[in-house]
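Enquirer: One structure coming up, written as structure tokens, with questions to follow.
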Amino acid sequence: VVKEKNRMGECPVWEERENALVYVDINSQKVCRWSPVTNEVQSVSVDARVGSVALRQCGGYVIALGTRFAFLDWDTQAVTTILELEQDKPNNRFNDGKVDPKGRFFAGTMAEETAPGVRARRQGALYTLFPDHSVIKQLDQLDISNGLDWSLDHRTFFHIDSLSYAVHAFSYDVHTGKIACPKLLYHLEKEEQMPDGMCIDAEGKLWVACIDGGRVIRIDPETGKRIQTVRLPTPRITSCCFGGKDYSEMYVTSAYDGLDEATLAKEPHAGEIFKITGLGVKGIPQNLYAA
């Protein structure tokens, strides 16, 4: 549905109030908004790689860029820093993020590659930004903090550390926002490659985007089993969310960075955004950052 290619399209969020899909292109340092009505993409350029975007209750967005949390005012394009983190790790940047059921913004970091395939290990962490702008560190020694979401009963937090090739479940205290007691939920099969972004549906099942696996997979957290696979027409599938007027459509982002020229020539859809219909299941609205 979005032909304008992204180097590293990520973190799609359906924004009801704008009837639009909001997402980031990490490597182009842009926050983007696509209207299915006009088919137009608008974007705001920022001064660092932007790993994630989420909706604010009062309008506008909260973003995680470079190693800082910030607010983005869409109309003025102003970016206001809330907090700087990890200033001792110049090679790190924020990656995926999402707002929890109480309006707190969870986002994690990762080390950038210093050369193709070369990355310092266990440099990442997962943080929670509270509505009063305080921050706690929830996890550390992560490789690539990635896809995240919460169970429908708000008792479980799901998280992906991409290089573990797995989805983990944590106990989650909705009152304090704290997570604890990680358990392995699902380890990806070889052909599924590496897990990236993730979302939950209205039946409490998880959808995981498989980067380099060219698919999204549906996992049942009760059984830890994969129950569905949807293949997409390009390999570097990065993230997914539900949207549309009744949340029955799934939007899926992709990337073209990381593909060599020969592969790119064979992958005309790399970096585009796709819509999957007819899944027979709906999603749930995004939570809003409560400040």
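Including glycine, each Cβ sits where the backbone N, Cα and C put it.
Not my notes, these are from TrEMBL:
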- ASP196: active site, proton donor/acceptor (ACT_SITE)
- GLU10, ASN146, ASP196: divalent metal cation binding site (BINDING)
- ARG93, ASN95, GLU113: substrate binding site (BINDING)
- 8-255: domain 'SMP-30/Gluconolactonase/LRE-like region' (DOMAIN)
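Show me how these features fit into the structure around them.
Expert: Under a cutoff of 8 A between CB atoms, and with a sequence separation of 6+ in the same chain, the neighbours of ASP196 (active site, proton donor/acceptor) are ASP96, ASN146, GLY147, ILE160, SER162, VAL208, ALA209, CYS210, ILE211, ILE237, THR238, SER239.
Around GLU10 (divalent metal cation binding site), the same-chain residues at least 6 positions away in sequence with a Cβ under 8 Å from its Cβ are TYR23, VAL24, ASP25, ILE26, GLY51, SER52, ASP96, GLY197, THR238, SER239, THR253, ALA255.
A simple way to gauge crowding: the CB of ARG93 (substrate binding site) has 22 other CB atoms within 10 angstroms, across all the protein chains here.
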Enquirer: Quick check: which same-chain residues outside GLU10, ASN146, ASP196 lie with their CB within 8 A of the centre of the divalent metal cation site CB atoms?
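Expert: Other same-chain residues with Cβ inside the cutoff are CYS11, ASN95, ASP96, ILE144, GLY147, ILE160, SER162, GLY197, ALA209, ILE211, THR238, SER239.
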Enquirer: So which other residues, same chain and not among ARG93, ASN95, GLU113, have a Cβ within 8 Å of the centroid of the Cβ atoms at the substrate site?
Expert: ILE26, ARG49, GLY51, ASN92, PHE94, THR109, MET110, ALA111, GLU112, ILE144
Enquirer: Looking only at the domain 'SMP-30/Gluconolactonase/LRE-like region' (8-255), report the model's average pLDDT.
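Expert: That region's mean pLDDT is 97.
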Enquirer: By a 10 A CB contact count over all chains shown, which of the binding-site residues listed here is most packed: ASN95, ASN146?
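Expert: Most Cβ neighbours within 10 Å: ASN146.
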